[in-house]
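The coiled coil annotation in Swiss-Prot covers 785-889, and the record cites sequence analysis as its basis. Residues annotated as compositional bias 'Gly residues' in Swiss-Prot: 1-13. What Swiss-Prot records for 32-44 is compositional bias 'Low complexity'. Among the features that Swiss-Prot reports, compositional bias 'Basic and acidic residues' is placed at 904-925. If you look up Swiss-Prot, you'll see 941-951 marked as compositional bias 'Polar residues'. According to Swiss-Prot, the feature disulfide bond maps to Cys441-Cys444, Cys691-Cys694. What Swiss-Prot lists as domain 'Thioredoxin 1' is 91-213, and the listing cites sequence analysis. Look at Swiss-Prot and you will find 621-771 tagged as domain 'Thioredoxin 2'. The region 'Disordered' feature in Swiss-Prot is assigned to 1-47, 904-957.
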Amino acid sequence: MSECGGRGGGGGSSSSSDDAEDEGGGGGPAGSGSLSPAPAASSEGRLRRGLRGASLMARRRPELLCGAVALGCALLLALKFTCSRAKDVIIPAKPPVSFFSSRSPVLDLFQGQLDYAEHIRRDSEVVLLFFYAPWCGQSIAARAEIEQAASRLSDQVLFVAINCWWNQGKCRKQKHFFYFPVIYLYHRSFGPIEYKGPMSAVYIEKFVRRVMKPLLYIPSQSELLDFLSNYEPGVLGYFEFSGSPQPPGYLTFFTSALHSLKKDYLGTVRFGVITNKHLAKLVSLVHSGSVYLHRHFNTSLVFPREVINYTAENICKWALENRETLVRWLWPHGGKSLLLNNELKKGPALFVFIPFNPLAESHPLIDEITEVALEYNNCHGDQVVERLLQHLRRVDAPAFKSLAPDPPARLPDPPLITASPCCNTVVLPRWHSISRTHNVCELCVNQTAGGLRPSSVSMPQCSFFEMAAALDSFYLKEQTFYHVVSDSIECSNFLSFYSPFSYYTACCRTINRGVAGFIDSEQGVFETPPVAFSSLEKKCEVESPGSVPHIEENRYLFPELETSSSSFTGLSCRTNKTLNIYLLDSNLFWLYAERLGAPSAARVKEFATIVDVKEESHYILDPKQALMKFTLESFIQNFSVLYSPLKRHLIGSDSTQFTSQRLITEVTTDTFWEVVLQKQDVLLLYYAQWCGFCPALNHVFIQLARLLPSDTFTVARIDVSQNDLPWEFMVDRLPTVLFFPCNRKDLSVKYPEDLPITLPNLLRFILHHSDPASDPRNLAGPPTAECLQNEAVLQQGHIAHLEREIRKLRAEIGTLQRAQVQVEARLASARRDEHRLLRQQHTLERQHDLLRLHSEQLQALYEHKTRELDEVARKLQELADASETLLTENTWLKILVATMEQRLEGRDGADDRVPPSKARSEHPEPPGAPRLPASTPLPANISSTLASEGSPENRTD
């Protein structure tokens with residue numbers, strides 16, 4: 001104690017001295033009389049004094065230091081646990097409900113029971129599994145289509161729907177789909193065959209029926225022709241069922257048909273079975289188990305069993321690699337896809353939109369399109385193709401001995417004898433503008449007797465397209481006939497570009513205005529009737545030198561003259577613009593047709609269009625014409641000729657949505673010529689919605705429209721992303737400004753690209769190019785002094801007016817700048833207020849969080865104390881019950897002891913026994929002992945003790 005006291009005393013002395021120092025130091029400045037001590041020195045002094053005081057307190061009371069450290073650690077731990085990130089709260093998903101109704105023929109496994117689906121799949125021959133997600137809009141849309149297909153096929157196919165989104169189902173755990181819905185089909189143990197076609201009931205049913213019956217039975221020659229003339233490629237297998245119910249290779253061929261459906265969900269390759277050996281010989285099938293791939297224009301193939309193993313995968317791969325596509329279906333899925341882009345890059349494409357029902361027994365319109373495609377690509381006059389065309393036309397023809405293609409025979413040399421030619425008179429333009437002479441040529445088509453179409457040799461007149469081809473070749477060589485200056489007829493022969501059996505003869509001579517006839521040819525090959533050229537001369541004088549009359553225009557002057565089918569046959573090989581033919585179902589993809597120019601309110605959804613990406617143009621078949629074989633052939637022929645009479649289709653916006661009461665006129669494709677060709681100066685702005693620079697010019701053109709009079713000047717604009725224009729009016733950059741002067745539309749001017757588009761620059765540009773003095777009509781003579789003076793006065797007036805307008809604009813700009821400064825000041829003040837309010841909001845939110853935390857702590861403390869009080873009350877109740885039980889047992893023990901004493905006394909004095917009643921009276925119960933009623937039974941432990949003591953075994957003699 002003395003040691004601790006010594007330390008305490010030493011500490012006290014030192015502290016007193018330190019305190020004295022502090023007081024002296026603190027009082028020094030005060031007593032020094034300085035009026036304004038440095039704030040830095042005073043703050044450092046206060047900090048030093050505070051630290052000294054804390055150290056003295058720690059030396060005097062070390063237990064306080066330990067308590068403070070412990071309290072700080074406790075606060076840090078509390079802050080760590082309270083401010084740490086709370087665990088994520090995950091709300092369990094709601095249990096799934098049935099996706100299909102209870103009356104639906106579709107078995108709905110809405111809990112994702114994939115194992116049960118696999119179990120029932122083994123017991124069915126054909127099963128369709130529909131994997132869906134309940135939230136998926138496409139799954140919901142496909143639900144009715146699946147039910148409709150199931151209602152028609154439920155007696156043959158098992159339809160099972162599986163919820164593959166329920167997180168506790170086996171389907172979600174085992175399957176990882178990237179999209180919904182997904183349709184799988186199983187044919188017994190084969191599968192899955194995924195269906196990726198349109199989610200339409202008819203298409204789904206058609207695909208399911210193909211899976212049910214992947215092979216078509218061909219019992220007769222008529223059905224064989226139906227099979228071979230189809231636009232889809234076909235594979236035939238020959239099997240003899242007479243010797244065996246399942247001939248060798250049949251099951252492999254059957255499985256290969258299922259493999260083709262698995263790899264090509266559209267089912268474009270059809271598989272058929274022939275059992276008649278005579279019918280099989282028509283397609284060069286002799287041995288049972290042989291497989292034949294039919295191709296229309298290339299050589300048909302027989303599966304090479306000696307080279308490739310005869311397996312289902314190899315047969316399917318061989319058929320898909322060597323198939324020949326005549327007409328192809330396109331199925332855009334509606335999302336981002338390169339499907340159309342990849343097909344259009346192959347060349348010009350003919351898109352035919354037809355309403356298609358895949359469940360229909362026959363498709364007459366598709367048969368006509370197939371006939372057009374066969375004729376279009378039949379370049380060599382193949383006999384098999386001709387026989388198939390006759391079958392499509394339902395023309396009776398003698399049966400061929402074999403439908404297999406014959407080996408190509410050597411073409412005979414063309415004889416020198418020519419058939420009767422057909423001729424057309426052509427007037428070439430004058431070779432010089434001052435020349436009064438023309439070169440007149442007679443162009444004839446000469447067909448050799450060894451041509452591919454012997455029937456055309458005996459024709460007295462050639463077809464229109466043969467003459468059109470001759471003119472195409474002639475115009476390419478017309479430069480050689482420009483300088484023929486001779487009164488005699490000079491003839492020359494040149495070969496056709498596309499046919500080795502045709503050549504053309506051109507006989508030309510030079511004539512003056514007075515010549516009215518044409519003499520006979522020196523070689524006597526043909527005779528020419530006298531022709532008057534007066535009207536032709538007048539026409540040539542009006543037209544430009546590059547304008548040449550063409551024969552294809554006559555077709556529209558005389559529509560009753562129909563072209564023969566022979567001119568269309570093999571046209572794909574005689575033109576450089578070969579078409580690929582595609583079909584689209586207008587019931588599903590009519591929106592594409594509308595974007596290509598089809599009317600939206602069409603009564604019959606039939607439409608045809610040709611799209612040529614390379615030429616950046618497309619053409620449409622007149623919607624007023626019915627879609628049939630003849631119109632398609634004419635449409636293709638008009639596109640294929642060198643000088644096509646088809647007009648490029650222009651797509652534009654609806655002009656009715658733009659009101660006329662505007663400063664700037666909105667131009668569309670339909671109103672372009674009406675606006676540009678009006679008798680006013682027109683300034684046209686080219687813009688697009690995606691052009692970022694274009695909106696910045698709106699205020700410039702609005703001010704320009706306000707400055708210039710609307711009765712003599714029009715400011716217009718056109719959205720070139722929504723409106724097509726003729727090529728001569730297209731531009732290669734945006735924004736672009738074109739100016740069309742009044743009465744001189746052919747002298748349109750483009751605004752300089754290197755000049756900024758501002759209001760003064762635009763005004764100078766317009767004034768420069770709209771000057772009436774620059775009109776070519778006013779350049780005939782020199783202007784007079786009076787005219788120049790009037791023009792100068794007029795220009796001075798214009799300049800003064802423009803200067804006044806510029807001053808007004810500058811004043812408006814100054815006002816707007818001042819208003820802008822005021823608005824910016826108000827915005828800055830508003831931003832400061834906003835920041836202040838945000839800080840207040842954050843402070844209130846922190847206080848609210850603290851109050852909520854304190855409330856939660858109080859609530860937790862209240863619940864804890866309530867539980868403790870409930871526990872204490874329960875224990876007190878248990879003690880009370882135990883005390884009452886002990887008191888009862890004590891009372892009975894006393895009675896038992898008294899009874900035992902009485903019995904002991906009774907044994908000692910057997911002669912002087914006292915009745916129990918007297919014994920009880922001699923030993924009264926202690927006061928305060930509870931008395932049991934007569935009917936109260938003894939406790940179980942006491943009664944058992946008495947019974948054991950009263951038994952004869954416990955008695956002692």
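Cβ from N, Cα, C; glycine included.
When the domain 'Thioredoxin 1' (91-213) is classified with DSSP, helix, strand and coil residues number 42 helix, 28 strand, 53 coil.
A 10 Å cutoff on Cβ-Cβ distances gives Cys441 (disulfide bond) a total of 26 other Cβ atoms nearby, all chains included. The average pLDDT computed for the domain 'Thioredoxin 2' (621-771) is 83. Taking every protein chain shown into account, Cys444, Cys691 are the disulfide-bonded residues, and of these the Cβ with the most other Cβ atoms within 10 Å belongs to Cys444. A gap of 55 Å separates the Cα atoms of Cys441 (disulfide bond) and Cys694 (disulfide bond). Using a 10 Å radius centred on the Cβ of Cys694 (disulfide bond) and all shown protein chains, the other Cβ atoms total 18. DSSP gives Cys694 (disulfide bond) a helix state. Distance from the CA of Cys444 (disulfide bond) to the CA of Cys694 (disulfide bond) is 57 Å.
For Cys691 (disulfide bond) paired with Cys444 (disulfide bond), the C-alpha to C-alpha distance reads 55 Å.
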